[in-house]
Amino acid sequence: MGKKLKVGKTRKDKFYHLAKETGYRSRSSFKLIQLNRKFQFLQKARALVDLCAAPGGWLQVASKFMPVSSLIIGVDLVPIKPIPNVVTLQEDITTEKCRQALRKELQTWKVDVVLNDGAPNVGANWQHDAFSQAHLTLMALKLACEFLNKGGSFVTKVFRSKDYQPLLWIFQQFFKKVQATKPQASRNESAEIFVICQGFVAPDKIDSKFFDPKHAFKEVEVQAKTVRELIPDKKPKAEGYSDGDLTLFHTFTLTAFLKADNAVDFLGKASEITFDNPDLESHSATTEEIKECCRDIKVLGRKELRLLLNWRSKLRRYLAKKLKDEAKQLDQEISLSSDEEESDSEEKPDKKKKMAEEEDGGDEEDDEEAEMEKKLAELKAEEVAELKRKKKKLLKERRKQRERVELKMDLPGVSIANTDDASLFSLMTVKKQKALTDISKGDMQAADALVDGEDDLHFSDEGDDDDEADKMSLASDLDDDDLADVEQRQKELEKKAPKKKSEMCSCSCDLTILFSNSTSMNIVDVWTLLNNFSVRLKATGLPHFVFNWLFLCSSGKKARILDAEGLALGCQIATSKKKARDLVDSSFHRFANSDEPWEVPEWFLDDERKHRKKPVPVTKEMVEEYKQKWREIDARPIKRVAEAKARKKRRMLKKMEQAKKKAEAVVNTVDISEREKMAQLKSIYKKAGVGKEKRDVTYVVTKKGAGKKVRRPPGVKGVFKVVDGRMKKDMRGMQRKEQHTKGNKTTKTRDKRQK
Ligand SMILES: C[S@@+](CC[C@H](N)C(=O)[O-])C[C@H]1O[C@@H](n2cnc3c(N)ncnc32)[C@H](O)[C@@H]1O
């Protein structure tokens with residue numbers, strides 16, 4: 001019969017195979033690789049001692065990551081197969097002999113790192129094993145304290161048992177920084193954990209009691225009090241077994257959960273809650289989700305654990321109420337059955353007891369409420385944190401945008417990167433966009449709907465979610481200063497005309513959509529729209545507010561929506577308030593709101609289209625100036641091109657540098673002639689790509705044929721070369737012919753072979 005092996009140990013996981021493939025002697029090598037990747041203690045170390053090192057996987061990793069010619073010593077009870085540049089000792093690390101052997105090996109040296117992956121021979125009793133492991137760790141620490149340099153590191157394996165906390169405390173007495181972690185390569189089912197102690201303080205004198213297990217290991221009981229403690233932000237650490245308990249799966253009844261003094265701690269220990277009370281199982285609070293959660297508590301997150309706690313509170317309240325009702329009913333029965341008064345007197349103590357319990361239930365309710373409040377406060381704090389995160393994200397985005405503008409990757413107010421303009425996808429926006437298109441076509445009914453309508457296009461004072469989203473998109477289109485400015489003005493206007501608030505919202509948002517989304521609109525469209533709107537705007541008394549927008553948009557902050565003409569116009573408005581006012585005033589004219597009420601001939605309409613609009617007060621020169629500016633901006637190389645050019649330049653310089661060195665070597669060579677030197681120098685510089693500069697050659701096609709002497713044709717300057725127009729064609733013809741004959745030959749030989 002074969003020996004029955006433990007499943008966890010025999011299971012060959014990816015690290016096992018990886019170790020086999022990469023030539024590491026043990027899968028634990030990857031634990032050290034991962035620990036070192038996180039804490040970087042091997043790279044700087046010049047000397048290292050690996051305690052309990054067989055078969056030598058950690059030693060291999062150490063010799064790979066430590067600087068060449070570092071001193072590496074490995075100790076183990078069993079012999080370690082030799083590893084290049086590693087000294088191995090066969091000793092028991094708990095003995096004095098081992099200490100002396102190490103002293104002999106190290107002489108006066110001290111080491112920078114002490115590793116300990118020691119695992120005593122485990123067997124019959126987990127509790128005993130855990131203790132021997134902790135003892136082994138303590139002995140490893142003792143050696144570390146003797147041989148470590150000041151500031152050195154001690155990396156050790158520890159099993160999560162009751163001795164874990166005392167061990168951590170002891171480590172903290174000797175090292176500045178003590179961190180526990182479980183590398184990925186460590187199996188989840190293993191209770192091992194790795195503690196990285198950094199910054200050895202090297203005390204002058206060490207009390208021997210630190211290394212005496214009797215003194216060192218005292219019980220430290222830690223109870224979880226909050227859900228956050230139960231599920232920390234970081235990856236949970238592996239838990240060891242508690243005394244006398246050799247299973248990891250713990251099942252409790254619902255009654256036990258309801259009776260538990262500390263519900264959170266209870267959840268920390270329980271793996272499953274079973275239903276032992278049908279009444280509670282069918283309670284409305286016991287939803288399918290709750291039942292699912294009860295099946296495997298270990299996999300639950302904070303949210304689900306809170307759900308269970310709330311459920312518990314509900315059930316407890318329900319039970320308390322039920323008891324109360326029962327007591328009341330009992331009371332009524334007592335008062336009704338006067339005949340049984342005497343017998344009642346015997347039962348009364350029982351009822352009183354129940355009443356007292358009921359009162360206790362009331363106290364419990366208070367506790368529950370306090371607990372609930374505490375939880376609510378926790379939730380609130382989480383919400384606040386979430387909000388803070390969002391704000392931080394928003395600020396980060398704005399900072400990035402500013403940086404992009406500084407790097408000339410974006411224009412002010414225009415983000416190439418930020419294309420997630422929420423307002424583009426808002427249903428409200430789409431509706432308004434349609435209405436605006438209609439208005440721009442002259443449909444003033446749509447304008448009526450926009451401004452006066454109580455329908456879904458209307459922006460109410462309270463503002464629903466969509467309103468908020470649109471306002472947000474409006475805000476996110478401006479930078480901080482603009483936003484503050486606009487908000488300030490909005491407040492002032494609200495004070496001045498409180499009744500017009502809803503109208504103001506309506507107008508301002510319409511224009512926002514116009515300016516933020518109408519990328520294709522030019523100033524004439526804007527102008528027409530404003531003309532169409534002008535009467536309404538006048539009615540709301542908000543032309544200045546509207547023109548704040550126009551100003552912001554046209555003075556470069558919204559450059560993307562305006563063409564050169566628009567920019568020129570915006571510039572005019574920006575320079576003078578009067579000009580802006582005049583511009584608005586001039587939009588109120590008799591053609592502003594005409595609806596073509598009568599039939600007119602086509603020629604008249606054409607004429608009207610051409611001439612009825614007041615010309616925009618912008619000169620051609622101004623438009624040209626802004627066009628030129630756009631051209632300059634367009635001509636700027638994009639960042640990637642600039643980077644590629646810089647890379648090319650760097651490569652060239654490097655090549656030149658190398659060529660220069662080679663050329664110097666050639667020049668300094670004595671045993672070759674000057675001519676040879678010249679030839680070599682030429683070839684070096686040619687290879688480096690610094691040959692003769694390419695001359696501009698003009699090709700002259702003649703019928704006489706290439707290479708023949710031809711007079712300089714009139715109008716040709718500089719170097720010219722005579723070529724035959726037919727040559728290319730002839731060459732190609734010849735090549736074709738050659739291929740053809742080759743093909744024939746191969747088919748003939750194939751035929752011959754077949755024959
Ligand atoms: C998990 S293995 C170490 C694996 C090693 N880190 C590697 O990467 O190859 C644990 C080792 O601790 C050793 N060990 C246990 N008790 C010891 C002691 N008292 N002194 C020295 N070595 C010990 C065992 O012999 C065993 O080789």
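In case you wondered, yes, glycine gets a Cβ from its N, Cα and C as well.
For the S-adenosyl-L-methionine site, TrEMBL gives Gly56, Trp58, Asp92, Asp117; the one candidate out of Asp76, Asp129 that the record lists there too is Asp76. Per-residue confidence over the domain 'Ribosomal RNA methyltransferase SPB1-like C-terminal' (557-738) averages 78 (mean pLDDT, predicted model). Other C-beta atoms found within 10 angstroms of the C-beta of Asp76 (S-adenosyl-L-methionine binding site) number 22, with every protein chain shown included. Here the compositional bias 'Basic and acidic residues' (723-741) has, by DSSP, the following mix of helix, strand and coil residues: 15 helix, 2 strand, 2 coil. Cβ neighbour density within 10 Å is lowest for Asp92 among the binding-site residues Asp92, Asp117. DSSP assigns Asp92 (S-adenosyl-L-methionine binding site) to coil, not to a helix or a strand. For Gly56 (S-adenosyl-L-methionine binding site) paired with Lys157 (active site, proton acceptor), the C-alpha to C-alpha distance reads 16 Å. Less than 8 angstroms from the CB of Lys157 (active site, proton acceptor) sit Asn116, Asp117, Gly118, Ala119, Gln133, Thr137, Glu192, Ile193, Phe194, Val195, each of them six or more residues away in the same chain. A coil conformation is recorded for Gly56 (S-adenosyl-L-methionine binding site) in the three-state DSSP classification, outside any helix or strand.
Taking every protein chain shown into account, Gly56, Trp58 are the binding-site residues, and of these the Cβ with the most other Cβ atoms within 10 Å belongs to Trp58.
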